[in-house]
Amino acid sequence: MPSELAVEAEGLTKTYKEKVALDGVDLAVPGGTVHGLLGPNGAGKTTAVRILATLTIPDGGRASVAGHDVVSQSRQVRRSIGLTGQQTAVDDLMTARQNLTMFGRLFRLPKAQARRRAEELLELFSLEEAADRSPKRFSGGMRRRLDLAASMILAPQVLFLDEPTTGLDPAGRREVWEAVENLAAQGTTVLLTTHYLDEADKLCDRISVIDHGKNFVEDTPAGLKRRIGEERLEVVAADPAELNRLAELVRSVVGVEVSTDDSQARISVPVPDGVGALTSAAAEIRAQGLAIADIGLRRPTLDEAFLHLTGGSQAVGPQPSQPNTPKTLEETR
Amino acid sequence: MTQTTMPSFSGSRTSETAGSGLIWSLRDCWTIVLQEFTHLLRQPSTFAWQIGFPVVMVLMFVYVFGSAMDVTGQGAGEGYVDFAMPGMFAMTMALGFMDTAYAVTHNKEKGFMDRFRSMPMSGSAPVTGRAVADVIRAAIDLAVIAGVALLIGWRSGGSIGATLLAFLLLLWLRLALIFVGIFLGLSIKNTETAGSLFAVAFPLGFISAVFTPPEMMPGWLGAIAAWNPVSSTATAIRELFATPGIDYLEPAYWIDGHALAGAIIWPAVIMAIFLPLAVRQFKSLSR
């Protein structure tokens, strides 16, 4: 590879008719690492991936993948990448094996080799038993794994994953995570987009937070979490009348001033040692015989995180997608 | 990325540079064609439904409406099978563009188009492969409908050469309309919209010489029907099949008297317009 960076982008811009999708995005992903693009819906993540995967031509800026320019050397780029888009692009009217063999042929492997490669990939992604079935009847996780396998025909240097686990159940997410971790362990550079903080946290070496088509922050998952703020302990009183007593108790346990929300009978307090604070608060509440409706640790939502990261100057705008985002950052329950 | 132990990929990538670009394009095209036929083999019931539609139409027009039609001047129902069958062939070809459009939209919607475009395959293969597969499909459709036609008493009165030419003209029309289908398929947002193409397809199929001679329609409608490309093909193949009673009505429209020329030129004109449009639409996917 002429460049040490597997993916490099400078000042990418892209405007669609009515909307600025990218407003100067920079990226630098060293080979062999997993890099996350984290942001809410409409942040420009998909547009960035489409440009890097040669599907969309940028209006401005430049980008190279595996050392090749995505616009002028798109053919070379296409030989070095795999793409798993938002939809699972597998053919439901063919078996899993037929799918992989067909893609192998389209990646221009000779027939025997395409077949052999299909077998290897079925094994790698634990799909041997489902090989002769149509993906139509696969679980979400299995479909995604087949989709990943189809992207890995040529063992690409760089793999693009656009929201690989959106719409999957927790089991499916774990399956896909495992597959991605495997690929990464074997040296594939992975660029993935997600709006789940926990997903980025689990899979990525580094994370770029983008919104409104701009980079905000780039950091390691640990660093990002520090910037976003600590976990909060939340306690909801069963009887609103006991809220003040409960707040006093929690304050004495964690030793920090708490904030209370009377309308929801909720107490919230930042805690550096989340699990410790949770267990001791719960024990104390029980010892005092107080009734609570809920107790738990909560990380800041993506909304709060963006507010925090951007110093409050740039709230995540009033987008229709917003009602969904808070949930996505909480732990999968 | 030397540390890639990724299930030891044993292939020599140099094979990609061997052979000319054209050979590779043809091979990619053929892979797409095979994909289409795998669908057919794995979903025979879908194929049966698709072929069932024209067959039901044949039976309906010949036996339900046909008994009241007098297109040969020899009384209602007389010779209607011979008149309607060529029309049926032409209409099946004409409506086929909806299948093309639907398949293209489906591929786009499911992210297939994106996957193909991110691969080092020939950029034109998804389009050429679709065209080749659809023409082969059309030939199969014609064979099945012709089989049904033979069963209910239709015969070609023309020579073998003329009969073959008739079927070639039918495929020629279908080929031209494939590019209309590809253009529409790429322009349409989703498969639900593709379903409503029926609103366009039905007039194209019916306001024509397919089931009724335009001369029997009100003047203005007859003119539209006569100049419909589908009519030229229908009338031309009626001549080639030496359909009895075909000269019962004097051609009232210039094009009606030059059907064979129309059947050759119309599809060429359609292709000249829609092939570039389809290519442009395909390129605009990267905008």
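Numbers run from 1 along the shown chain.
Placement of Cβ uses the backbone N, Cα and C atoms for every residue, glycine included.
Residues or ranges marked as domain 'ABC transmembrane type-2' in TrEMBL: B:45-285. Summarising the annotation, TrEMBL assigns transmembrane segment to B:47-65, B:85-105, B:135-154, B:160-186, B:193-211, B:259-279.
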Request  = Determine which recorded stretch among B:85-105, B:160-186, B:193-211, B:259-279 has the most C-beta pairs below 8 angstroms with the transmembrane segment (B:135-154).
outcome  = B:85-105
Task = Quickly jot the same-chain residues contacting the transmembrane segment (B:259-279) by Cβ under 8 Å, restricted to those at least six beyond its ends, or write none.
result = 127, 169, 172-173, 175-177, 179-180, 182-183, 186, 229, 231-233, 235-240
Remark   = The recorded stretch from B:47-65, B:85-105, B:160-186 sharing the largest number of CB pairs under 8 A with the transmembrane segment (B:193-211) is B:85-105
Request  = Would you kindly list the residues that approach the transmembrane segment (B:47-65) from elsewhere in its chain, counting only those six or more residues past its ends and only Cβ-Cβ distances under 8 Å?
outcome  = 40, 80-81, 84-85, 88, 91-92, 99, 141, 144-145, 148-149, 152, 211
